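TrEMBL annotations:
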TRANSMEM  12-40  transmembrane segment
TRANSMEM  46-66  transmembrane segment
TRANSMEM  93-115  transmembrane segment
TRANSMEM  135-155  transmembrane segment
TRANSMEM  167-186  transmembrane segment
TRANSMEM  192-210  transmembrane segment
TRANSMEM  241-260  transmembrane segment
TRANSMEM  272-295  transmembrane segment
TRANSMEM  316-341  transmembrane segment
TRANSMEM  353-374  transmembrane segment
TRANSMEM  386-402  transmembrane segment
TRANSMEM  408-427  transmembrane segment
Amino acid sequence: MTEDRPITHRRVLKIAIPILLANVTVPILGTVDTAVVGQIPAPEPIAAVGVGAIVLTAIYWVFGFLRMGTTGLTAQAAGQGDRAEVAALLTRALLIGLAGGAALILLNGAVFSAAFRLSPASPEVEDLARAYMQIRIWSAPAAIALYGITGWLIAQERTRDVFALQLWMNGVNVVLDLLFVLQFGWGVDGVAFATFLAEWSGLILGLWLCREAFRVRAWREWFRVFDRERLTHMAVVNTDILIRSLLLQAIFVSFLLLGGRFGTVTLAANQVLLQFLHICGYALDGFAFAAEALVGSAFGARAMARVRQAARMTTLWATVFAVLLAAGFAILGPLLIDLIAKDPEVRAAARLYLPWMVLAPLLQIGLVMLDGIFIGATRTADMRNMMALSAAVYALAAWLLIGPLGNHGLWLAMSISFVARGITLGLRYPALERAAGGA
């Protein structure tokens, strides 16, 4: 039986708000890690934990396709009323996550060496960072499998469970940080062991939260789990999302590299302002995830009217939050800059480019919400192709604008990329609706 519950404002907020709360806990954990290791009277441990965490985050980020792909496919199966396929999708996601983590464990030496060749550090920092990563890499299977669990829960609108899972992991991490570093004196190793245990405990809790899937025989029916057609479809969806994500990452990496042309102060100011974009992403993610779940369910049921309703309602709430963010950045932006940066020159430079951050939430509404809508409908080829086109638009804009406008030209090119992503996906939206209607 297909899913046909009405899409209401209450339902949208019930999905979105727990994601917003879960996202709030992410920067808090990083702050606690830094504060705890900062009690060690030397700069190298702080730098090592920072470098190690960035490298591992970048590596794990590659597997973000598992979260998005699992959400879209599971939401559609739920919309079709296919509980057996919902259960089988969880097994597939877990197997991909565990296999990906195992591969990273086997290849960690080469991966870490490549990372330090790309971004060299002092011998002391590199040694400590390697020790940190050598411990944490053993929880890679858990960390990546959790992407699949998170996507599976979001698809079924169980974002309160996602919040509980995030809160549990961060809570365990903080408590063990304090115990291992301050009480036992384990230093950088203590921070790594805390995260290692938090991630494995998170996987255990995640499996318990998904226990209903294990009551359906389909999760262990290997002929279903390894069905060639469904596996191929999942592989195509995940590959499209991976390519799209790599193109997006290329835009941000090139932005940082191009910003380096304007000197250390401007580069630091750009880094400060990128935190505003992270805040924007954290705030709008909840509504994008709501779109993934609601559009996916409606698309699976081939209910075009509900696809349109889900898209409109989630975008309405995202717009409200984007306007609030823009107003907040305009009013509180200088204070936030002062909290992040202490250097007077960096503060002054960041204030100079702050208007771009006031504009950013308004420019991002379309692209963030269309990403969620297209993920729910698993129209991932469109996402891949339109991101490639938008990346080309960004590259052309940067080439034309940086010379005459300097760093303002760089921010204008980034803003143009936001608009390009929204417009190009928007042009593909009618085809999505036609597919939802079976046309």
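Every residue, even glycine, has its Cβ placed from backbone N, Cα and C.
What you see is a predicted model, and the numbers here were worked out from it, not measured in a lab.
For the transmembrane segment (316-341), the neighbouring stretch richest in Cβ pairs under 8 Å, chosen from 93-115, 135-155, 167-186, 353-374, is 353-374. Remark: the transmembrane segment (408-427) makes no contact with the transmembrane segment (93-115), by the rule of 3 or more CB pairs under 8 A. Sequence-remote contacts of a segment are chain residues at least 6 beyond its ends whose Cβ falls under 8 Å from one of its Cβ atoms, and for the transmembrane segment (353-374) they are 269-270, 273, 276-277, 280-281, 283-285, 287-292, 295, 310-311, 314-315, 318-319, 321-323, 325-326, 329-330, 333-334, 337, 380, 382-383, 407-408, 411-412, 414-415, 418-419, 421-423, 425-426, 428-429, 432. The stretch from 12-40, 135-155, 167-186, 272-295, 386-402 with the most CB pairs below 8 A to the transmembrane segment (192-210) is 135-155. When Cβ-Cβ distances below 8 Å are used as the criterion, the transmembrane segment (272-295) is approached by residues 7, 11-12, 15-20, 23-24, 26, 68, 71-72, 75, 154-157, 159, 252, 306-307, 310-311, 313-315, 317-318, 321-322, 325, 329, 333, 336-337, 340-341, 346, 350, 353-354, 356-357, 360-361, 364-365, 368-369, 371-373, 375-377 of the same chain, each at least six residues removed from its ends. The stretch in closest packing with the transmembrane segment (12-40), judged by the count of Cβ pairs under 8 Å and taken from 46-66, 135-155, 167-186, 386-402, is 167-186. The transmembrane segment (46-66) makes contact with the transmembrane segment (241-260), as judged by at least three Cβ pairs under 8 Å among residues 6 or more apart in sequence.
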